[in-house]
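I have placed the structure first, in the form of structure tokens, so that the comments after it can refer back to it.
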Amino acid sequence: MQSAPTSSSGSAVKTSSTTPLGGGGSNDSTATKRSTRVRPGDFIFRGLSTGSAVLIMVILAGVALFLIISAIPAITADWSTNSQLNTGPTAAFPNFWAYVGPLIWGTLWSAAIALLFGAPIGIGIALFISHYAPRRLASILGYLVDLLAAVPSIVFGLWGIIVIRPFLLPLSDWLSANLGWIPLFGGPVTTTGSTILAGALVLAVMILPIITSISREIFLQTPRLNEEAALALGATRWEMIRLAVFPYAKSGIVSATLLGLGRALGETMAIALIISPAILVSVRLITEGQNSQTIAANIALNFPIATTLQRDALIGTGLMLFVISLAVNSIARLIVNGKRGKRKKGKDKPSTPGPLSTLPSGDFASATAIDVVAGTPRIGVSDIEGPTPEEDIEGARY
Amino acid sequence: MLLIGFTVVGWLVLTAVVYLIALGILSVVVENRRKATDRLVRGLVTVAFLLALIPLVSTLATVIAQGASQISWSYITSVGASTFDPNTLTVTQTPGALQAIVGTLIITGIAALISVPIGLFTSIYLVEYALPKQWLARTVTFLVDVMTGIPSIVAGLFAFSLFSIIVGPKAFSGFSASVALSVLMIPTVVRACEEMLRLVPGDLREASLALGVSKFATIVKIVLPTAIAGLITGIMLAVARIIGETAPIFLAASFTDNFNANPFEGPMQTLPVLAYTGYAFPGKDIAASNASAWGAALLLVILVVILNLIARIVAKIFAPKGMR
Amino acid sequence: MSKRIEVNDLNVYYSDFLAVEGVSITIEPRTVTAFIGPSGCGKSTFLRTLNRMHEVIPGAHVKGEVLIDGNNLYDPGVDPVLVRRQVGMVFQRANPFPTMSIRDNVLAGLKLNNRRLSKADGDDLVEKGLRGANLWNEVKDRLSLPGGGLSGGQQQRLCIARAITVSPDVLLMDEPCSALDPISTLAIEDLITELKEDYTIVIVTHNMQQASRVSDRTAFFNIAGTGKPGKLIEYNDTTSIFGSPTMKETEDYVSGRFG
């Protein structure tokens with residue numbers, strides 16, 4: 001070892017006489033000797049925190065478990081002979097799967113249409129706020145879009161009834177008259193406007209905020225240098241976005257869209273209030289009474305009038321919805337996390353959170369709450385590359 | 001009014017389309033294709049943004065226009081009911097939302113009481129205690145993310161199943177609805193609080209630990225007070241989000257015309273459910289039911305606005321720099 | 001209350017990564033010892049092992065001993081919280097608690113540990129701490145204002161006042177002046193010279209003039225390359241390190257040929 005521990009000769013003052021400073025000198029050398037007593041505060045607090053984290057897993061498992069327990073009687077019953085199930089809303093179906101199949105179709109179909117409108121607009125808004133709007137306006141504009149998330153879904157439902165339904169009537173008439181030969185626009189045209197098109201349009205409005213807030217977050221994380229490099233090469237703003245922003249944000253856009261899909265799948269009230277449904281597989285957009293019904297709306301409409309076993313059947317359909325949206329959300333989150341993992345690979349950082357770990361879940365709460373802690377900088381937005389290995393050693397804190 | 005609304009919106013859309021096409025053609029002629037594409041995209045994203053403002057403005061305008069006439073002191077302070085007069089065989093409906101207001105406040109309050117401690121402690125676990133690579137932390141983070149995507153109606157079904165298995169049939173209660181809302185609220189609270197706690201500079205934790213302060217005291221006396229504004233704001237916004245949930249309350253607490261302030265017994269009316277049933281299951285007097293629904297919707301929007309305002313004000317008052 | 005620090009063959013790890021290797025050093029009481037060296041050489045990491053602050057980073061641990069007046073900080077029964085009350089620390093960036101007044105910041109170490117203080121005792125301690133940090137005259141009229149309102153240099157001295165109010169035996173300073181202007185730096189350097197009467201002081205600095213101005217002894221750390229562990233190269237009286245270093249690497253560094 002090449003260090004040269006000094007001869008302690010004549011260098012330091014050897015006095016160890018005590019010169020206590022002030023009245024607070026309760027520490028003495030025995031303090032370090034005292035054995036690590038478990039501090040009760042620390043112990044309880046750590047226990048509560050860890051316990052809460054575990055409780056979240058228990059809750060999620062509980063949700064699945066209780067749905068399964070409640071649904072089993074209806075799933076296993078023979079619907080054609082069961083006296084509770086061969087009447088009323090469940091009368092026409094031989095078994096649970098025949099009942100839930102069209103509902104799953106309706107759920108996916110309405111969500112897909114909503115996504116068709118919502119995703120491009122949501123991503124466009126995000127692009128507008130992150131790369132086109134004046135810097136000073138950007139946060140206000142973002143706040144406006146987040147306001148959409150604050151409006152209760154039931155209000156959107158009511159709004160859909162009296163505004164969107166009549167608004168789409170002329171369009172429906174025109175589509176039916178001119179494009180009626182396309183199956184999408186086939187069937188008797190609506191007179192009230194209670195179409196799946198109207199429902200999906202309201203859904204699209206409702207999923208805008210989540211798509212926008214997540215895409216915006218990702219767009220803002222594009223490495224500034226890449227953007228400037230593209231502009232320096234003479235690219236127009238759009239070419240810069242295509243060359244520097246989109247490749248970087250691709251997976252983020254995909255997962256934002258999937259999260260929007262997840263929300264559209266589970267939305268109840270807008271559909272329940274607007275659409276005049278039937279439990280069947282149909283692609284028709286502008287009829288009434290022949291629209292595919294969604295799982296959530298079907299539950300909301302039939303739950304109050306259902307018998308016990310019919311309720312179990314509805315819970316069974318809810319279980320299917322739970323499984324589907326769980327799958328969609330998991331895939332979306334895994335894409336985000338996978339991206340984070342890839343970018344972090346090869347760096348053994350002790351802890352600094354990656355840029356995507358502060359990704360808001362797209363709700364109003366987290367999207368706006370960020371702005372309010374005064375005087376503290378955003379973590380991670382500009383810190384794409386993370387600390388250099390050197391800083392890792394000296395500068396890694398938490 | 002609707003016709004005017006349609007023509008205004010129609011005109012807006014038409015103008016935008018014409019503007020975009022004109023812009024594109026002009027740009028191709030005057031500049032070149034690349035510039036034209038650039039301008040077209042700029043126009044498109046601007047239109048996308050303006051398009052999103054239409055539903056926002058339209059929704060708020062509609063709910064105010066429809067609900068304002070309904071809301072009065074007596075609507076807020078009286079219990080809505082329909083009375084059947086056996087002599088004339090008519091049903092008279094008394095508009096009123098008192099039972100719904102009380103129910104909403106009770107159910108949301110209990111849900112917050114359940115969710116805030118669990119959510120806050122979980123976020124403390126994730127930020128202060130968990131090691132980043134620990135499986136529990138990663139699993140919980142993932143599950144919280146996934147939980148934010150649980151359809152609200154599924155939460156309602158869960159609470160209903162839970163209570164019908166424990167309590168038996170006719171398990172509708174306000175508390176059951178609170179449990180359903182908690183399932184939806186916990187992940188929101190965790191995410192908001194986690195974000196706020198991560199904003200507290202590590203420097204402060206180090207300063208405290210270096211003074212020989214235990215981790216517990218550091219969290220309680222340094223980290224939480226520094227983040228308090230953000231925490232309260234996040235929690236208020238989480239409350240504002242679940243207060244408008246309809247489907248889970250509808251399934252778990254059902255609906256009723258009776259005044260019920262006991263969350264552990266019997267169905268409970270709430271504002272969102274009043275708004276829903278007013279249209280989905282109207283009484284004899286359909287117009288009155290619909291009007292009542294709009295009144296409830298406007299009250300709900302007002303509540304949400306108030307909660308958002310409180311959140312903003314709290315953020316201002318408790319902002320760290322301004323303390324003392 | 002000044003104490004001697006003795007480090008025997010200490011290795012510092014972040015998880016599996018060896019950050020600092022084989023440091024042995026003896027720091028005498030009532031001296032100022034400066035750690036110098038290029039960025040990333042592990043001097044701050046090593047400093048943080050002297051009051052077990054490095055442990056707050058997940059996965060960080062050490063092998064070896066650190067003795068303070070003969071007691072090993074890393075004995076299994078030792079509570080790191082109590083260690084930190086004995087060995088105070090001042091950080092690179094001034095970090096007064098934003099939610100507290102100047103007065104509360106000075107008393108933070110005591111109040112956060114639930115020490116009950118009478119108003120008079122508190123006043124005495126605040127005055128003593130602030131006088132000790134040469135800050136009393138500047139802030140005595142605004143003790144109830146937030147600490148964040150002070151200038152950078154004043155904030156750093158507030159942090160020193162906060163650190164010495166818990167009456168530690170040793171004071172560690174991690175580049176305390178690197179974010180300050182020259183005048184504030186001078187104020188802190190004067191303060192260090194005064195504080196040495198009562199404390200064992202260890203200071204990490206990038207500024208070699210500063211090291212030569214304030215310290216009695218100097219330790220030079222270096223690193224062979226990225227990914228290699230930092231090592232203690234030479235430790236001697238400050239005048240020797242800067243005047244007649246024995247190691248070639250030290251000479252290169254202090255004469256400005258690298259780093």
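In case you wondered, yes, glycine gets a Cβ from its N, Cα and C as well.
Not measured: the values here are computed from a predicted model.
Annotated domain 'ABC transmembrane type-1' per TrEMBL: B:101-311, in sequence order.
According to TrEMBL, the feature transmembrane segment maps to B:6-29 (among others).
Taken from TrEMBL, the feature transmembrane segment applies to B:41-65 (among others).
The transmembrane segment feature in TrEMBL is assigned to B:100-127 (among others).
Remote same-chain partners of the transmembrane segment (B:139-166), defined as residues 6 or more beyond its termini with a Cβ less than 8 Å from a stretch Cβ, comprise 122, 125-126, 130, 173, 176-177, 179-181, 183-184, 186-188, 190-191, 245-252. Annotation comment: TrEMBL describes B:139-166 (among others) as transmembrane segment.
Annotation comment: TrEMBL describes B:172-190 (among others) as transmembrane segment.
The annotation transmembrane segment is assigned in TrEMBL to B:222-243 (among others). Using a Cβ-Cβ cut-off under 8 Å and counting only residues 6 or more beyond its ends in the same chain, the transmembrane segment (B:222-243) has close neighbours at 104, 108, 111-112, 115-116, 119-120, 128, 181, 184-185, 188-189, 192-193, 195-197, 199-200, 204-205, 207-208, 213, 272, 300, 303-304, 307-308, 310-312, 314-315, 317-320.
When Cβ-Cβ distances below 8 Å are used as the criterion, the transmembrane segment (B:291-315) is approached by residues 60, 63-64, 66-71, 75-76, 80, 93, 95, 97, 100-101, 104, 229-230, 232-233, 236-237, 239-240, 243-244, 271-272, 274-279 of the same chain, each at least six residues removed from its ends. The transmembrane segment annotation in TrEMBL covers B:291-315 (among others).
If you look at the transmembrane segment (B:172-190), the same-chain residues 6 or more away from its ends with a CB under 8 A from one of its CBs are 103, 106-108, 110-112, 114-116, 118-120, 122-123, 126, 144-145, 147-148, 150, 152, 155-156, 158-160, 162-163, 234-235, 237-239, 241-242, 245, 248-249, 251-254, 260, 262-268, 270.
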